[in-house]
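Annotation source TrEMBL lists active site, proton acceptor at A:ASP380. According to TrEMBL, the active site, schiff-base intermediate with substrate annotation covers A:TYR468. Annotation source TrEMBL lists domain 'Copper amine oxidase N2-terminal' at A:81-162. Positions annotated as domain 'Copper amine oxidase N3-terminal' by TrEMBL: A:171-271. Feature annotation from TrEMBL assigns domain 'Copper amine oxidase catalytic' to A:301-721. The repeat 'ARM' feature in TrEMBL is assigned to A:18-60.
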Number of protein chains: 2
Amino acid sequence: MEGRLLLRLSFLLLLVGGAMALLLLLMHSGTQEDQLLAAASSVIGNHTLRKQQKKSVLREPRRGRDMFFEQVDHQKEVPHHPLDPLTIQEFSKVKRILSNYNPDTSSSIHSLVLEEPEKGEVLAWNKGKNPLPTRKASVVTLVGGRSHQLSIDLSSGHVVQDKVSTTSGYPPMTIEDMTAATAIPLADAEFNRTIRSRGVELADLACLPLTGGWYGGPEEDGRRLVKVQCYSMEGTANFYMRPIEGLTVLVDLDTKKVVKISDVGRGIPVPKAGGTDYRYESQKKNQHHKAGGQRLLNPISMEQHKGPSFKVVEGHQVRWGSWDFHLKADPRAGVIISQASFRDPVSGEPRSVLYKGSVSELFVPYMDPSDAWYFKTYMDAGEYGFGLLAMPLDPLNDCPRNSYYMDGVFASSDGTPYVRANMICIFESYGGDIAWRHTECPITGMQIREVRPKVTLVVRMAASVANYDYIVDWEFQTDGLIRGKVGLSGILMIKGSSHESVPMSRGGGNEEEDLHGTLLSENVIGVIHDHFITFYLDMDVDGSNNSFVKVELVKQATEAGESPRKSYLKARRSVAKTEKDAQIKLGLYQPSEFHLVNPTKKTRVGNPVGYKVVPAATAASLLDHEDPPQMRGSFTNNQIWVTPYNKSEEWAGGLLVYQSHGDDTLAVWSERNREIENRDIVLWYTLGFHHIPCQEDFPIMPTVSASFDLKPVNFFEANPILGMPPNFEMDLPVCAAASSSAYGS
Amino acid sequence: MEGRLLLRLSFLLLLVGGAMALLLLLMHSGTQEDQLLAAASSVIGNHTLRKQQKKSVLREPRRGRDMFFEQVDHQKEVPHHPLDPLTIQEFSKVKRILSNYNPDTSSSIHSLVLEEPEKGEVLAWNKGKNPLPTRKASVVTLVGGRSHQLSIDLSSGHVVQDKVSTTSGYPPMTIEDMTAATAIPLADAEFNRTIRSRGVELADLACLPLTGGWYGGPEEDGRRLVKVQCYSMEGTANFYMRPIEGLTVLVDLDTKKVVKISDVGRGIPVPKAGGTDYRYESQKKNQHHKAGGQRLLNPISMEQHKGPSFKVVEGHQVRWGSWDFHLKADPRAGVIISQASFRDPVSGEPRSVLYKGSVSELFVPYMDPSDAWYFKTYMDAGEYGFGLLAMPLDPLNDCPRNSYYMDGVFASSDGTPYVRANMICIFESYGGDIAWRHTECPITGMQIREVRPKVTLVVRMAASVANYDYIVDWEFQTDGLIRGKVGLSGILMIKGSSHESVPMSRGGGNEEEDLHGTLLSENVIGVIHDHFITFYLDMDVDGSNNSFVKVELVKQATEAGESPRKSYLKARRSVAKTEKDAQIKLGLYQPSEFHLVNPTKKTRVGNPVGYKVVPAATAASLLDHEDPPQMRGSFTNNQIWVTPYNKSEEWAGGLLVYQSHGDDTLAVWSERNREIENRDIVLWYTLGFHHIPCQEDFPIMPTVSASFDLKPVNFFEANPILGMPPNFEMDLPVCAAASSSAYGS
């Protein structure tokens, strides 16, 4: 029992931590650093492969990588670019410097990343000509309940700044926080009694450390809290479908004590395990039964017999078509795109578009006010770390053939570096779309049928925030467009219920409304919730100084006798002077374009050179602005914001989001109403989803996606892909079957 | 000169008519019917190929078709399904019946298509068991200024109905109408003088027959009118960029006389030809110059070494994955999808989803009230014929390898059938997207990384409405989702201007606003305009009788002491009783889901079986409801409408749209406020675009796309693609280069 429980424990502890946790265990058994690295890598390398083979599922042996790309040796890595992330050697150096500076920080490191040089320095840096700017590390530690933001100079080896935070909130939980949190209830007699009274064996327990937000209660003051809820793993890999409903354990992360156990779910059965497993191994069994309904599809693959057209230079610099940009993994943002520039089709000169783009924060409020649910209003980047939750991608399925896989190198809570392999992939995409076309009538002197296929470059990561999976794509197009796309998949957060069928009276349906969601299966409710993903977009359109221009389409009535028409639409341009001019709520009947222009640059005929942000399907937060979760997530009060560039304003919910009161958010900064005309400005765009679950989301959700575009608007003199060639038969590959096949056509 | 002018003419005449026009010429030279067919086919067959080879551009020899699909011999075609379009033989029979019935119709046939059997008959029809329902033809003719709608029984050989229209408006123009219209001005001395005074040679003239809508003027009453505007073809294939601005010739289509010449553009220069040609041949010349800016991409191709997974049975029945549907070309709608059903993953039984889906009408108002522009408010389906303007697709560029190409067989104005080859393509698409995924933390007993790639089936056509190209995709997904997608490309409708640069005073910018658009190049203005595409969606969700349910997400305040939360969102369901309950305007801050449910069918746990229409990015018409164009386009007053099924209500702008007064539109029908609960109902969705042109749209536009989804919502008991397998390396093809290559990597 002991051993079994321990194994389970180690599992629980790891639910959120992913690979980091393995390290943790190894560290406890006193392993050396490079062994750690090996181990960490192996988590997705041989380890995975072995596991899979045991299940007789063969995984792609990184074919793309082997064929066209070199594997990076992180042990030997050195920085080549001012924005390159910290290397293994640099992490180790930081660790040494810190332990000399203040031993208390040795296991309380909540964030450790490169401190990017001043923007001016980076822009001035000239590859080859200049040496790299001084390498610095930015560290957030928690000492004696106070958050410290340290700046460490790697050349001098000194801590050059130690700023104690003045705002509310704490840094993201560490793995120790989470592991301890999920373990603590098991030491509690009342908890164990309750679990058994629900008919669940402790050995089958899976518990999650759920962030509780902040509601202004006195018990929340001056201490870091987390709420633990548990599930039964008995009979399914998909334990999320088997909640022990209504049982919430409030835990103090620092005293490591149970503060309060709330058990309001007695009598609510744990939903059945049947039909919840989604793994191929378990599905294969009923393939034949299914065959009637599911005609299997023949294989289809994007093939590039000459290899991909993009290059990854010195680890992080991506070159494709007319695009150049810097790419790196970040523990909090996930993916960071930097210095994206587009080579002008006429001059051949690179022109800047985006200095830095990343996911800044997420906000995921659930719509159930009851005791076990009201607090579920997650801010995944600032509470858990969006990048830390990005698991290794699955070659051939997460990303197509010929993808390049980039690893993340992160620090665990004592500064020990580890590798998150295959965290990001880069690939070219062609799905049959058309870049541009025109056909004239087929006869006459000019027989014209000119069509160009559309090929794009995709940068992808997938973060698994416990149950949910977020697929984040940055798509670069040959015509200068950048698309930010978020796909939602994974598993719903489920509420246990005594209902086995939808309560009747569908007319009024009040009873049903009180479910706060949809009954997906017997005793299983998918609770209504929203997802908001706020993007940080430091646009540098043909230079750093830009202006935000709102181009409204307004209905114009014609004057008497002016025209047989009574009305038409007119474009009215207004330049935002200050931040409040750029607080934008979208409306179908108040259509506008939103341009970022360089007021000092014009096209040949005099249009200001610009890019526009083009929203697509999205959702707005409707919560009360005075509701504590919305105060913390107030960066979703508008869909678009523009702020003057400020190095410290990077995280829309604040640097310290955990239990924050909302006193350091984008909304607060923007209220300062600073001048933004002809300045270095930052665009913030929030992508939203309302999710009313349906049975198709059970037991795992088909991907739902939404996106926004950054699109050139008079940035070029003309269509930049005028010169691209069409496809010719002779250039396409000739393909044949490989050896044996797993399934027929 | 004569001959040269004649050639030009024949060209002008054909601008809108496409292949039909070739027939016209041949007919004039008295060719026999089957020669016509051959000729018509050859337009895109050898003819094209020869042309291309002359330009040393090799086109794809229909590889996909040859490899995996049989070519249809239209001469031998016979109907297999009640909805199969009229065959060559049937067209010829109709022609004979008509000439016996009323010789006056012999050259006044404005529409000739299959008259689909009653819906009940079609649903009851049982392949193999029942014979085909009686084949009928529906013909619209114009005799003595009156529109007749004839119903012809092909078995009895009789005209069984001859309905004279009672509403305003006329049927679409015939090719004769258009050819005559564009020729008439050239016989006018004043016109010729004007042209020469603009410095344009008559031989370089390209003229378009532009529909003028209706504005209630007395001169519009009782006669069919068209407005002719002309361009200079001198020095470019892209004559659209060289308007003879302000010159509008009003022509009577029946008397074939010039009614009025309006010349308000004297002094506006014809914009220069330089930089307007977009053809690869002319672009190739400056490839090397461009090479600095444009790194060429290596070839990329979707390869299916085992062939496509879809089948086209008996010409029009498509089977793919769990989907079955009927597909045909239509001269007015373009593509018609019928009887789309999805095989239930559990029972294996087909379940109906969509009885009929098609583009019903388009509305494209330009936003310039001046004399030469105010009337440009096109309704392309009802005025020109959206399907008639769908040109042959370009293999490898319009559609990828392994596409199946479906032809259209249409009738010219005297009933003579002809073939529009390669009008529709069908292909499978995989661009690297993910159907669903979940990763667990990589260690523990359950090491989980389950990901499924996303493959879809696309049905595509591309209509070239003179300058503009509309790419219409119907995308079918394995999870039961149907996406309707419209891509806009092609060439802008340009306004000539004396401006060579943008008028200053950007602050107020009033001067610039009066351009009614954007200066794209010297003397070239891209005028602001909207595009609306209204879809007819006869949903039969698991049966014909459905209800429309609005699921509103409303903010709910918590009661005192109920919860630390102040607010949350609640889903409130309301069933639409009558049409007015289903007149929907979308709003970001009034979020709703829009379900079509079968009230008589429930899932195991009691949710009503349904589909929802999911709008994405779209635009609404802001024109004054009393403005004549908006009265005619009033079907765009809402984004969503629901009407009871009525066989005669298929065209949102009315059957007779040409010069209609808006007295027979969807808006008028819906005002009758009929009952729609638990009935056979039709969903109407309008997709909209606002287009403020930018220089990137010059001289040809990169594609801009928008879409909407029809998505299962509790239609299935669970995720229907749970059982689909992941990709395995061993199943993917091994590819090599073909022989020689046109361009390197």
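Here, residue 1 is simply the first one shown, and the rest follow in order.
Backbone N, Cα and C define each Cβ position, glycine as well.
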Sort the residues of the domain 'Copper amine oxidase N3-terminal' (A:171-271) into helix, strand and coil with DSSP and give the three counts.
31 helix, 28 strand, 42 coil
Average the pLDDT scores across the domain 'Copper amine oxidase N3-terminal' (A:171-271) and report the rounded value.
94
Sorry to bug you, but what's the C-alpha spacing from A:TYR468 (active site, schiff-base intermediate with substrate) to A:ASP380 (active site, proton acceptor), rounded to the closest Å?
11
With Cβ-Cβ distance below 8 Å and at least 6 positions apart along the chain, what are the contacts of the residue listed as 'active site, schiff-base intermediate with substrate'? List them in sequence order.
A:VAL364, A:LEU488, A:GLY490, A:ILE491, A:MET493
How would DSSP class A:TYR468 (active site, schiff-base intermediate with substrate) in three states?
strand
Counting every protein chain present, what is the number of Cβ atoms, excluding its own, within 10 Å of the Cβ of the residue listed as 'active site, proton acceptor'?
27
For a three-state summary based on DSSP, what are the helix, strand and coil counts in the domain 'Copper amine oxidase N2-terminal' (A:81-162)?
25 helix, 27 strand, 30 coil
